[in-house]
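Taken verbatim from Swiss-Prot:
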- Phe24, Ser25, Gly26, Gly27, Leu28, Asp29, Ser30, Thr31, Thr32, Val33, Leu34: ATP binding site (BINDING)
- Cys209, Cys219, Cys222, Cys225: Zn(2+) binding site (BINDING)
Amino acid sequence: MSSLSAAYQNLAPRKDGAPAVILFSGGLDSTTVLALAKDLGYTPYALSVGYGQRHSSELAAAKHIAKQIGVARHEVVNLDLTRFGGSALTDSSIAVPTTPGKDQEIPVTYVPARNTILLSLALGWAESLGGLDVFYGANSVDYSGYPDCRPEYVASFETMANLATKAGVEAINNENRFRVHAPIISLTKAEIIQLGSTLGVDYSQTVSCYQANDLGEACGECESCRLRQIGFKQANVIDPTRYQKK
């Protein structure tokens with residue numbers, strides 16, 4: 001199965017322009033998912049969250065990309081998770097690793113319950129819009145050890161969404177239930193890049209680096225940068241990433 005057909009699997013085109021909330025960081029994966037949702041015919045509502053991440057330049061990238069792709073509305077919600085810490089992304093005293101960790105080990109860049117928190121915000125917005133679809137860029141192939149990027153997590157969150165909301169409880173059939181879509185979850189990074197390139201995504205604007213500077217320039221050394229570099233190489237696509245000068 002091609003990356004294009006795998007991403008579109010179980011996702012029927014929407015001729016009615018139904019609203020969908022896309023959890024959107026401004027990174028490579030979520031930008032691809034945003035472009036995909038729009039291509040499918042959804043009316044995209046992009047949700048970005050400033051949670052105190054050290055790579056906050058991704059939010060500036062998200063604002064630019066949302067305008068470039070064209071969304072119905074882009075919301076940036078501020079939620080300070082640095083008060084809790086527990087992650088190299090929210091606690092400056094914890095170094096971002098520059099060498100791969102052990103297989104299946106949950107890395108220090110894991111932010112406690114982050115995707116559950118962010119998806120809950122997306123779910124709340126979707127329900128207020130009268131929409132039933134939430135998209136996010138989870139990926140379990142180029143696995144970094146994040147528990148909230150696994151297929152079983154996505155399925156469990158969707159179940160919870162339909163138990164915890166008015167719209168879910170009042171649904172009279174499966175067509176009226178909330179759906180949580182993770183369309184690139186089974187794709188490699190190379191396949192994601194190939195898909196996005198087909199959709200016209202400008203990856204030069206995306207920020208994936210855990211240590212990106214204020215200009216959005218990547219360190220080229222962290223796990224996220226490493227996976228991105230390998231992805232472009234395997235996809236046979238020129239890497240447009242802007243790197244910091246050493």
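Positions of Cβ are set from backbone N, Cα and C atoms, glycine also.
On the structure: features taken from Swiss-Prot.
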| residue | record | DSSP (3 states) |
| --- | --- | --- |
| Phe24 | ATP binding site | coil |
| Ser30 | ATP binding site | helix |
| Cys209 | Zn(2+) binding site | coil |
| Cys219 | Zn(2+) binding site | coil |
| Cys225 | Zn(2+) binding site | helix |
(message) If you count other C-beta atoms within 10 angstroms, which of the binding-site residues Leu28, Leu34, Cys222, Cys225 is the most crowded?
(response) Leu34
(request) Under 8 Å Cβ to Cβ from Cys209 (Zn(2+) binding site), same chain, six or more residues apart: give me those in sequence order, or none if nothing qualifies. (result) His55, Glu217, Ala218, Cys219, Gly220, Cys222, Ser224, Cys225, Arg228
(message) Neighbours of the Zn(2+) site Cys209, Cys219, Cys222, Cys225: Cβ within 8 Å of the Cβ centroid, same chain, sequence order.
(response) Val96, Ser208, Tyr210, Gln211, Ala212, Ala218, Gly220, Glu221, Glu223, Ser224, Arg226
(request) Only counting partners 6 or more residues apart, tell me which same-chain residues put their Cβ under 8 Å from the Cβ of Phe24 (ATP binding site). (result) Ser30, Thr31, Val33, Leu34, Ala46, Leu47, Ser48, Ala62, Ile65, Ala66, His74
(message) Using the Cβ center of Phe24, Ser25, Gly26, Gly27, Leu28, Asp29, Ser30, Thr31, Thr32, Val33, Leu34 as the ATP site position, which other residues in that chain lie within 8 Å, going by their Cβ?
(response) Ala62, Ile65, Gly137, Thr206
(message) Long-range neighbours only, meaning 6 or more apart in sequence with Cβ under 8 Å: which ones does Thr32 (ATP binding site) have?
(response) Gly137, Ile184, Ile192, Ile193, Leu195, Gly196, Leu199, Val201
(request) Would you mind ranking the binding-site residues Gly26, Ser30, Cys219 by how many other Cβ atoms sit within 10 Å of each Cβ and giving me the lowest? (result) Cys219
